[in-house]
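Notes to accompany the following structure.
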Amino acid sequence: MAQFYSAKRRVTTRQIITVKVNDLDSFGQGVARHNGKALFIPGLLPEESAEVIITEDKKQFARARVSRRLNDSPERETPRCPHFGVCGGCQQQHVSIALQQRSKSAALARLMKHEVKDIIAGAPWGYRRRARLSLNCPPDKPLQMGFRKAGSSDIVNVEQCPVLAPQLAALLPRIRACLASLHGTRHLGHVELVQAGSGTLMILRHTAPLSAADKEKLERFSHSEGLSLFLAPFSEILETVSGEAPWYDSHGLRLAFSPRDFIQVNEAVNQQMVARALEWLDVRAEDRVLDLFCGMGNFTLPLATRAASVVGVEGVPALVEKGRENAIRNGLHNVTFFHENLEEDVTKQPWAKNGFDKVLLDPARAGATGVMRHIIKLKPIRIVYVSCNPATLARDSEALVNAGYEVTRLAMLDMFPHTGHLESMVLFERM
């Protein structure tokens, strides 16, 4: 008779051990050493000692939770948010902003094997100009409105949020009261808030038709609060109830966008990021510049104010059309937008026949591994790579370095203070 055996699972004892943290990773976890390997402990800071319980024991690392903290680091802060520790939005409100930035910069420097000399940051509070709040109305219970718990689909009822733009934070109680008064509360999915240059937007997702009375109540609310209201009965449909088409400012230009289009959450960092990209590229009046993954023109249009000509390339047709409209709206006639599959060889396109002096790219988290060889063929003098994923940035950078480019500037973008998100910007120059 055959017998089957399963591999023994590594058993973690609930033994309490005392450790001292010597580092902070980019996600805000304290890092100690135990039994010759890294031990990650959420909630602890460098120079803090604690009694901890091992919760996961792997071959290369382990995880633990704090049983009792024995001392406090001078870098420890009192979290401003009453929901901190339960809400999944922020992970580092207990960490001084200086330590947050140092730990993120150190993680970036290790990955890129290059010193981080620039930190681009804005105010650490009230910076989020966009947020999505989940909605749920269980039978015979009040409406829930808030963010998801860490590692859970449960909703944390948010009464206040100190990282939201003040205009949005002030609206939360009134939005909750308005939505709770509707007859169709059980059909509400989520509400998105955006603080645009044109004013405040509210986008309400609902899963069944709203009654005429509910629509009228929402419209009255939008007028009384002076906000633009959009209803989203289906994922691809957007119904304008009140207000004007939104826009935001990028380097002194006005960019129109659809309420569901991606815009950078942190306005102050976005403005500095665009300005720094123009500075690093050293855009001159005779330059031809290529902007890959250009969206609706956040970088493209400011580049066009300085260069002889700019080409923006994007994989989403609606954003290409929006970019063209924004160029016309801002009186820029030296910029063209194209919809292309960026995995294909862009150097074979007619618009690339004269080459480019400078290239900027701002890809999604997956990076731009399929694009790097095409950029190399263009032989630009300078390349600025804006990244929201340091791992794919490090991978893509190798291709440029192997082709004779050198990292000459590296910046950490503190786009999301109090979270583990790490964004960055690199200047490569051809040697």
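Yeah, the Cβs are placed from backbone N, Cα and C, and that goes for glycine too.
Record check, Swiss-Prot: [4Fe-4S] cluster site residues include Cys87, Cys90, Cys161, and the candidate from Cys81, Cys178 also listed there is Cys81. Take the S-adenosyl-L-methionine site that Swiss-Prot assigns to Gln264, Phe293, Asn298, Glu314, Asn341: the candidate from Asp214, Asp249, Asp357, Asp362 listed for it is Asp362. Binding residues for S-adenosyl-L-methionine (Gln264, Phe293, Asn298, Glu314, Asn341, Asp362) extend across at most 23 Å, taking the greatest CA-CA distance.
Cys87 ([4Fe-4S] cluster binding site) sits 31 Å from Asn298 (S-adenosyl-L-methionine binding site), counting Cα to Cα. Per-residue confidence over the domain 'TRAM' (10-68) averages 90 (mean pLDDT, predicted model).
If you check the recorded positions Cys81, Cys90, Cys161, Cys388 against Asp362 (S-adenosyl-L-methionine binding site), the ones with a Cα inside 10 Å of its Cα are Cys388.
Residues Cys81, Cys87, Cys90, Cys161 make up the record's [4Fe-4S] cluster site, and a Cβ search at 8 Å around their centroid adds His83, Phe84, Gly89, Gln93, Phe147, Val158, Pro162, Val163, His418 from the same chain. DSSP assigns Cys161 ([4Fe-4S] cluster binding site) to coil, not to a helix or a strand.
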